[in-house]
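Participant: Here you go, one structure.
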Amino acid sequence: MQGCDASVLLDGSATGPGEKEAPPNLTLRPSAFKAVNDIRDRLEKACGPVVSCSDILALAARDSVVVSGGPEYKVPLGRRDSAHFASREDVLSGLPPPSSPVPALLDNLAKINLDAADLVALSGGHTIGLAHCTSFEGRLFPRQDPAMKVSFARHLRRTCPAVGTDRRTVNDIRTPNIFDNMYYVNLVNREGLFVSDQDLFANETTRPLVAKFAADQSAFFDQFAVSMLKMGQISVLTGSQGQIRQNCSARNSGTVAGHLPWSVLEAADRFVPY
């Protein structure tokens, strides 16, 4: 939330609940948090305390895309971890809900120097994954959103038959487990799941990009890689800033910079792509 500093991994403390407990992040899976910690433990055994949870997240995101069929890109390394997490209020204001239209999304992204091309490309991450019924039920009940294809709405109601249904469905009905450009084909066919998805095709600023990516998967992959690299360098901590956590879910005790030899800090400060 504060940038690419792994603050979302931190558990809550006496100061308040962690970012992962804020409503926009409740869909993040506990198994994913455990996986990051497992990776951290293995890396420390092999390399010592030089790889941050922030870098692990960036690499894991890239590798998840690659194994699903998406583009491979180099990830700059050298991030360090925050010792603090954002407040619930900051998370709510910084992460627009899936009911947000394009203008609201663009306004939000402009604050972190991301633009329309980044919005459309990063939204393409919805080509894989699952969504909770409660995230899009407003498009089905009490009346169907006219921007949604009738047959698609009918399909969704089989999984989500009423308001408040505690079920999930795939983001992409065509190739749900493959990272490809079918997300954009779905938008052209009025089969976007969220308001924030379908409005990309309705909005005159983003519609040309949706059409371009629907017709040209390579163009999508190229822009996705560029946008992921931009997002991965938002408000990073380097050098003696922050810490390299001993447990990705908890801040280190004491002043971490004082616990690490300068050689470790110097190594972490080298922003080397992998």
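For all residues, glycine too, the Cβ spot is worked out from N, Cα and C.
Unlike curated entries, TrEMBL annotations are predicted automatically.
From TrEMBL, here are the annotated features:
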BINDING   Gly3, Asp5, Ser7, Glu19  Ca(2+) 1 binding site
BINDING   Pro96  substrate binding site
BINDING   His126  heme b binding site
BINDING   Thr127, Asp172, Thr175, Asp180  Ca(2+) 2 binding site
DISULFID  Cys53-Cys248  disulfide bond
DISULFID  Cys133-Cys160  disulfide bond
DOMAIN    1-252  domain 'Plant heme peroxidase family profile'
REGION    1-26  region 'Disordered'
Participant: Determine, using Cα-Cα distances only, which of these recorded positions is closest to Glu19 (Ca(2+) 1 binding site): Cys53, His126, Cys160, Asp172, Cys248.
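Facilitator: Nearest by Cα distance to Glu19 (Ca(2+) 1 binding site): Cys248.
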Participant: Roughly how many Å separate the Cα of Thr127 (Ca(2+) 2 binding site) from that of Asp5 (Ca(2+) 1 binding site), to the nearest whole number?
Facilitator: 25
Participant: Within 10 Å of its Cβ, which one of these disulfide-bonded residues (Cys53, Cys248) has the largest number of other Cβ atoms?
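Facilitator: Checking each of Cys53, Cys248, the winner is Cys53.
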Participant: May I ask for the distance between Asp180 (Ca(2+) 2 binding site) and the residue listed as 'substrate binding site', taken between their Cα atoms and rounded to an integer number of Å?
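Facilitator: Taking the Cα atoms only, Asp180 (Ca(2+) 2 binding site) lies 24 Å from the residue listed as 'substrate binding site'.
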Participant: Which entry in the list of disulfide-bonded residues, Cys133, Cys160, has its Cβ near the fewest other Cβ atoms, using 10 Å as the limit?
Facilitator: Cys133
Participant: With the cut-off set at 10 Å between Cβ atoms, which of these binding-site residues ends up with the most neighbours? Options: Thr127, Thr175.
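Facilitator: That would be Thr127, with the highest Cβ count within 10 Å.
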Participant: In sequence order, which same-chain residues at least six apart have a C-beta under 8 angstroms from the residue listed as 'heme b binding site'?
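Facilitator: Spatial neighbours, sequence-distant, of the residue listed as 'heme b binding site': Asn171, Asp172, Tyr183, Leu193, Phe194, Asp197.
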Participant: Which one is closest to Cys53 (disulfide bond) in space, judged by CA to CA distance, out of the binding-site residues Gly3, Asp5, Pro96, Thr175?
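Facilitator: Going through Gly3, Asp5, Pro96, Thr175 one by one, the Cα closest to that of Cys53 (disulfide bond) is Asp5.
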Participant: Look at each of the binding-site residues, Asp5, Glu19, Asp172, Asp180, and point out the one with the fewest other Cβ atoms around it within 10 Å.
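Facilitator: Looking at the binding-site residues Asp5, Glu19, Asp172, Asp180, the Cβ with the fewest others within 10 Å is that of Asp180.
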Participant: Would you mind checking how many other C-beta atoms are within 10 angstroms of the C-beta on Pro96 (substrate binding site)?
Facilitator: 16
Participant: Tell me, in order along the sequence, which recorded positions from Gly3, Asp5, Ser7, Pro96, Thr175, Cys248 have their CA within 10 Å of Cys133 (disulfide bond).
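Facilitator: If one measures from the Cα of Cys133 (disulfide bond), no recorded positions come within 10 Å, so the answer is none.
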